[in-house]
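Remarks on the structure that follows.
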Amino acid sequence: MARMYYDSDANLDILNDKTIAIIGYGSQGHAHALNLKDSGSKVIVGLYSGSKSATKAKDAGLDVYPVDEAAEKADLIMILLPDEVQKTVYKNQIEPHLKEGKILAFAHGFNIHFGQIIPPENVDVVMVAPKGPGHLVRRTYEQGEGVPCLFAIFQDASGQGRDRAMAYAKGIGGTRAGILETTFREETETDLFGEQVVLCGGLSALIKAGFETLVKAGYQPELAYFECLHEVKLIVDLVVEGGLANMRDSISNTAEFGDYTRGPRIVTDETRAQMQKILSEIQSGQFAREFVMENQTGKPVFTAMRRQEAEHSIEEVGKDLRAMFSWLKKR
């Protein structure tokens, strides 16, 4: 079993004399910056000129600089930008300021693991990856709690890389919940696999296929939406709260029997073979190469697929039905 580390295992004082630059101020960026600031760390934010996030960061009491200036001032540089832009920003604005003893940090291992970013040998390269969205990282911190994190060391030039990563995780509240040590390879490959096979690709395809099957059979699209999309959250919440057993304990016997007897007919040996193939494409770097090439050529296929998916009939049906949900209007 993997070992979890908690508050008593990490020493935040290690970062006391460090200036931490958060590059990016989106979902994760704002949470990391504010949590570290509230933990007593000296935090600055690096943003591109004209960023709409600059005002938000300044209003939160943070000093904002252009990325290159923030990288120059900082001892620890946490890159919290989309995967596809990290290489260019790193090469042009961060790498020139990586002096011996600095710490380069990430919240996802994609660019390091697949060789898009190759750091100099005289800096620590670490990862701290909260297993939750930024708003949850921030909210739980403010409540005196935290979101579990993964942490990893790719390069330990100082001999303190591990302690520094754990201190950073403590600063954003991770050790309150528990942090788990991994590697850049393991985090990257499992994260991509989960996204593609289960959380995003698999779930989206399953929802659409179920919806389309019912509509094709003559059932009202609104009912198909309720049964195949809307109720997903109800089931997932039960799974998250207590695992599959908790979910099965909470549903009807009819639903549970259907789960056991019909579910395996959906995820067949052929499905598992495709899962293995997708994993192999991730491990070999094939997916990474496809993604990098797609972005280098202006994202034509990605843009077309995004447009096509947005026009699926389930989106129009959902838009009308969600207007009925009073609890969504309160957000």
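In case you wondered, yes, glycine gets a Cβ from its N, Cα and C as well.
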Discussion item. For the NADP(+) site that Swiss-Prot describes with Y25, G26, S27, Q28, S51, S53, D83, E84, V85, Q86, which of these is also annotated: G109, G115, G132, G134?
Written reply: G134
Worksheet, complete the sentence: Summed over the domain 'KARI C-terminal knotted' (183-328), the DSSP helix, strand and coil counts are 126 helix, 0 strand, 20 coil
Response to the item:
Quick note, D83 (NADP(+) binding site): same-chain residues at least 6 apart with CB under 8 Å of its CB -> H108, F110, N111, F291
Practice prompt. Within the domain 'KARI N-terminal Rossmann' (2-182) only, compute the mean pLDDT.
Written response: 98
Worksheet item: How many other Cβ atoms sit within 10 Å of the Cβ of G134 (NADP(+) binding site)?
Response: 21
Worksheet, complete the sentence: The rounded CA-CA distance in Å from E227 (Mg(2+) 2 binding site) to Y25 (NADP(+) binding site) is 37
